[in-house]
Each structure stands twice: as structure tokens, then as C-alpha cells.
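**Q** Pasting in a structure now, in C-alpha cells, and then I'll have a few things to ask.
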Amino acid sequence: MAAAAPASTGSKGVVRQVIGPVLDVEFPAGKLPKILNALRIEGTNTAGEAIGLTAEVQQLLGDHRVRAVAMSGTDGLVRGMEALDTGSPIAVPVGEATLGRIFNVLGEPVDEQGPVNTNVTSPIHREAPKLTELETKPKVFETGIKVIDLLAPYRQGGKIGLFGGAGVGKTVLIQELINNIAKEHGGVSVFGGVGERTREGNDLYEEFKESGVINADDLSKSKVALCYGQMNEPPGARMRVGLSALTMAEHFRDVNKQDVLLFVDNIFRFVQAGSEVSALLGRMPSAVGYQPTLGTDVGALQERVASTLEGSITSIQAVYVPADDLTDPAPATTFAHLDATTVLNRALASKGIYPAVDPLDSTSTMLQPAVVGDEHYRTARAVQSTLQRYKELQDIIAILGLDELSEDDRQTVDRARKIEKFLSQPFFVAEIFTGMPGKYVKLEDTISGFNQILAGDLDSLPEQSFYLVGNIDEVKAKAEKIAAESK
């Protein structure tokens, strides 16, 4: 059906039907647009107001008609309006000019900071890198955050799922990662806000400015580009904004040859938007009402996130699990692509342990001796088994008290509490709230520190000296300070 109709840039069609965000457009014979081409519709509505929108071709229906999904509201659109085939997919601006700016799905700035200072654009649809271009040797991506680097290390060019409810520190963790990749790896970040609250998008922008991740005085010194398609926008925008953000990240990786962090909040909303569009396009729904192309849609996005020989995109994706059902097709399909999971725990946050990353629930495919080495692996497993034993003993402690435990168990509890405290650390981006300077801890320092706790070398130091510090030398210095103050 499609082969007989070659694309013609600039060909004009007529809107024949509008059903919500889906439009049917009729073109002259032989001048049908290609699938995924952008159509531009401009005109005046019945009230005489100018309207303009972009739609993406999704289906060729026959009878010289195509079906397209609108990227903005279709209010005021009427049959008979003219639609122009742009001849290419949606393209967004890329490069340094995007840093510190907020874009919508079409790459238009929405932050009232004027036009973007670049003519370089890139289409949002492209193939994933070929296998010959990929860096296949697994490499750990050092974040400088102890609990992540030791217990659930990130893979360079991998995908990480970030799980956590409201108010447990997701945003602060994201900001710290953006800060650390800029300082330690010379890399940049792209944040894709997919179908989340507009208020959260604004809060994040303000927090980025406050913490210095976005430099409001000199945008060129900013470390992140933002691309938003919030939950009040049509499903077409929410379905494609993840690809817009990914395209910006790919330019930094492929052209600038940088290491890039891509944040997607929330990957579930991407699937949800695809499900809405699928139903509107008349496709038969599959399990739980999701689109029949669920695996293809998620795979097309995830496979473009990769580490090449030139640079890498490491993606951290917030995953909403509907009704906490991990077997739901949307999170289940996403899990198949993840290399690591970072689970934030409210109980840890309430204890004041920040980052509140759960050391027992967070996992990584990188935590194996062949990748991280024997010493790292043994240390991580010993830390986890000590914390697990402490967790098992907590009921006994709550009922009978510490005194009823055996000598060995008391020692385990003592070390586990020190480990738990040592897993916390002050963040650079939180300096303005805490008054504590942030710490970036090298992986070897992290391993060495935990080994000393496990070996009992630091049993004599007070528990409080392990709280919110960087490496083990700072623990010793803090212990001396506490001892001096208590005299």
C-alpha cells in the first residue's frame, strides 16, 4: 500500500477527519507522505484565532489518506484545513546550545529565554547503533556515590531502573549524578520528563538552578538539557518526548564523543501514551489493554541507549509500577532491558540515611567477580550478608534488647549499624541545605573503607563518626573530633 506512493516534500493535503488527537489527511495521488513524516497544519479556527500544530504520520489508509497523531491539542481544528508534508520526521535542536534550556517534544524552547542559538537539528527517529559500533566489554560507570558503586554498580552505556515513592530523594539523587558526571567525567546530561506533573517539572528546573546544575547567568556553563512532555499534553507528545530527549543525548555521544546521562521520568508514562495512541489508531489491544506493539516500542527506545566506541549514553529511568504489580506488562517489559536497579527506601530516609538507597533490594548485573574483580565482589557480598543478619536480628532486639544477643551477634549488629551509617554521604547539590561540603568517593576508597569495618579495625570508633562522611579517613578524623569534644 505504501510502496506505490513516493514521498514528496511540500505536498499539501486536506484534513478529512479529526477524532481527538488523531487526524485523517487526504493527499493528491502519488504525493503521500512517508510514515513518521511530520505534517504541519496551520489556519484559523471558527472563532478566527490562528492555530498551528504538528502531527506525525502513523498509518497509510488507502484512498490517498494517511492517519496522523497530533503533538499538541487539536481544539479548533476543522475539516478542510490544509496540511503540509514537511518531508522529514520531527527534528529537534542538538548540541551545546540545548544546555540549560527546556524544550517540548518538537524541540521548541518553552522556558521564555528566547530562541535557541543553533541551526543544527536531528530527526528523532533513527536506527540503534550497529553491533560493530558498540563497546561490548562491560565497564563500570563510577558515580562517586558509595552505596551505588559498591552494591549496585552502574554499567557504562547501561539502563538503570530507579524505584521510589514521593519524598524519598529521587530528585536529589538525580541532581547529584548530573553534577558528578559533569565534574568527574566531563560529560553532560539530558532529562526527559515523560508524562509527569507540570509542577514537578517546574520544581526540578528551579532546583537545578538553585544547585548550580543549570547556570542561570551563563547557560553555556549548564550541565543539563531538559525536554518535557507533561501529563496534560496529548498522548502523541508524551509518546515522542522520550525520543526527543534521546536524540539530544545521541548528539553529545556521537558528535561530541562524550559520556552522557539520560534521565527518563517516567518510563511507564511512555508506555501508557503508546497504549492511548494505539487504541485511537484502531489496533487490537493485547494483555491488560496495552498496545500489541509494546515490546517493539520499548525496544526501539531502549536499544538506542548504548555505549559505543566513541562515547556512551547511560540511562537512569524512573519506573512507576502500577498498583505495585511487578507482573504488569509495562514494568515487566521494561525490566528485561535493565542492567541495574536502584531502590529508594522510605524507612532509611526516615532514619536520616541519605541517599536512601536500599542496600539489600538494589541489584546490578555488573556485580560479578569477572566484571568488578574478586575484592569488590567479596566486600559487597560481605556487606550485604552483615546487613541481612542485622535485619533478621531486629525483631529480637525490639523484644528482648541488645543484651540478650550472643557476643558474635552483638558484634555483627555494631558493624552493621556502622556500615548503614557509612553508606550515607553528603551531596554536592545538597550543600545549600545541609551546610556540609559534598563528597565524591573513589571506588577503591569505598572498598577499602568497608573492608576495614568488616575486619573489625574500626570497632573502637563511635557509630556517629561514620554518618554523612566521604572516605574512611574522614571517619577517623571525625572520631578524633568527637573524642576531643567529649573531654
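Cβ atoms are placed via backbone N, Cα and C, with glycine included.
Since we're looking at a predicted model, the values are computed, not measured.
What Swiss-Prot records for G164, G165, A166, G167, V168, G169, K170, T171 is ATP binding site.
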**Q** If you draw a 10 Å sphere around the Cβ of V168 (ATP binding site), how many other Cβ atoms fall inside it, taking every protein chain shown into account?
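**A** For V168 (ATP binding site), the 10 Å Cβ neighbour count is 23.
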**Q** Taking 8 Å from the centroid of the Cβ atoms of G164, G165, A166, G167, V168, G169, K170, T171 as the cut-off, which other residues in that chain fall inside it around the ATP site?
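**A** Once G164, G165, A166, G167, V168, G169, K170, T171 are set aside, the remaining close residues are L344, A349, A356.
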**Q** According to DSSP, does A166 (ATP binding site) sit in a helix, a strand, or coil?
**A** coil
**Q** Around the Cβ of G165 (ATP binding site), how many other Cβ atoms lie within 10 Å? Please give the count over every shown protein chain.
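**A** Taking every protein chain into account, the count is 11.
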**Q** Same-chain residues six or more away whose CB lies under 8 A from the CB of G164 (ATP binding site)?
**A** K170, A318, V343, L344, N345, A356
**Q** Cβ distance under 8 Å to G167 (ATP binding site), same chain, sequence separation 6 or more: which residues?
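**A** Same-chain residues close to G167 (ATP binding site) (Cβ under 8 Å, separated by 6 or more) are R346, A349.
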**Q** For T171 (ATP binding site), which residues in the same chain are close in space, meaning a Cβ under 8 Å from its Cβ, but six or more apart along the sequence?
**A** D203, L204, E207
